[in-house]
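**Student:** What TrEMBL records for B:13-75 is domain 'V-ATPase proteolipid subunit C-like'. As annotated by TrEMBL, site 'Reversibly protonated during proton transport' applies to B:Glu62. Per TrEMBL, the feature transmembrane segment maps to B:12-33, B:54-78.
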Amino acid sequence: MTTSYELEKAIIKRVLITMTVLILLAFFTSQNPKTWILGYVFGGLIGILNFLHLGKTLERAVTMNPGKAQGYASSRYMLRYLTTAVVIAISLKADYLNGLATIIGLLLVKFSIFSIHLFDSKEYYKRIFKRREDNK
Amino acid sequence: MNGVDLIKACSAIGAGLAMIAGIGPGIGQGYAAGKGAEGVGRQPEAQGDIVRTMLLGAAVAETTGIYGLIVALILLFANPFF
């Protein structure tokens with residue numbers, strides 16, 4: 001079992017749940033739900049694959065020497081960036097995919113990270129309107 | 001050269017400028033990975049914590065690059081002005 005396996009599993013689970021909710025919403029809110037659903041699925045799955053690739057890259061990078069790790073992580077980032085560029089270009093060109101849905105799907109991993117690690121805490125909401133000076 | 005051609009030319013220049021946003025996360029991620037490798041070398045038992053923290057940070061940092069990419073590709077393929 002990998003070191004970050006549990007974290008990846010939790011985030012992917014949240015992404016899949018959010019994707020399902022968005023797909024169900026698309027049935028009721030859109031005139032043409034098929035393009036939205038395909039967009040969410042396409043973007044969401046590529047986003048998950050990119051995230052898993054990032055995890056594998058970092059696990060391998062920390063075992064290298066620092067100089068080599070830097071080049072390795074940057075080159076792998078460019079590979080993921082190229083993949084994302086191809087996905088967005090296809091979704092904007094193709095008629096059967098909704099571009100906005102694909103972009104939302106690609107960013108679902110980030111929204112899930114924010115929702116799990118920031119917005120899940122009640123303390124975060126309590127601190128929003130509190131001035132730092134008042135705590136002293 | 002008419003107005004539409006000028007808009008197309010300016011959109012292409014804008015798309016090129018927007019793509020600069022993709023370089024920053026790449027440099028940052030590489031730097032973080034290098035420092036992570038240094039940390040693991042210094043304290044090997046903390047490898048799990050280092051990778052987990054770096055994974056979350058790197059995933060969120062990539063978002064800004066994707067925003068730039070989206071702007072560039074919309075200017076090229078789905079430009080609302082022509």
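Every residue gets a Cβ built from N, Cα and C, even glycine.
How buried are these features, and what lies next to them?
**Tutor:** Long-range Cβ contacts of B:Glu62 (site 'Reversibly protonated during proton transport') within its own chain (separation 6+, distance under 8 Å): B:Pro25, B:Gln29.
Same-chain residues lying 6 or more positions outside the transmembrane segment (B:12-33) and placing a CB less than 8 Å from one of its CB atoms are 54, 57-58, 61-62, 64-65, 67-69, 71-73, 75-76.
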**Student:** Is the transmembrane segment (B:54-78) packed against any residues at least 6 beyond its ends, judged by a Cβ distance under 8 Å, and which are they?
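**Tutor:** Distant Cβ neighbours of the transmembrane segment (B:54-78) are 11-12, 14-16, 18-22, 24-26, 28-29, 32-33, 36.
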**Student:** Hey, does DSSP put B:Glu62 (site 'Reversibly protonated during proton transport') in a helix, a strand, or just coil?
**Tutor:** helix
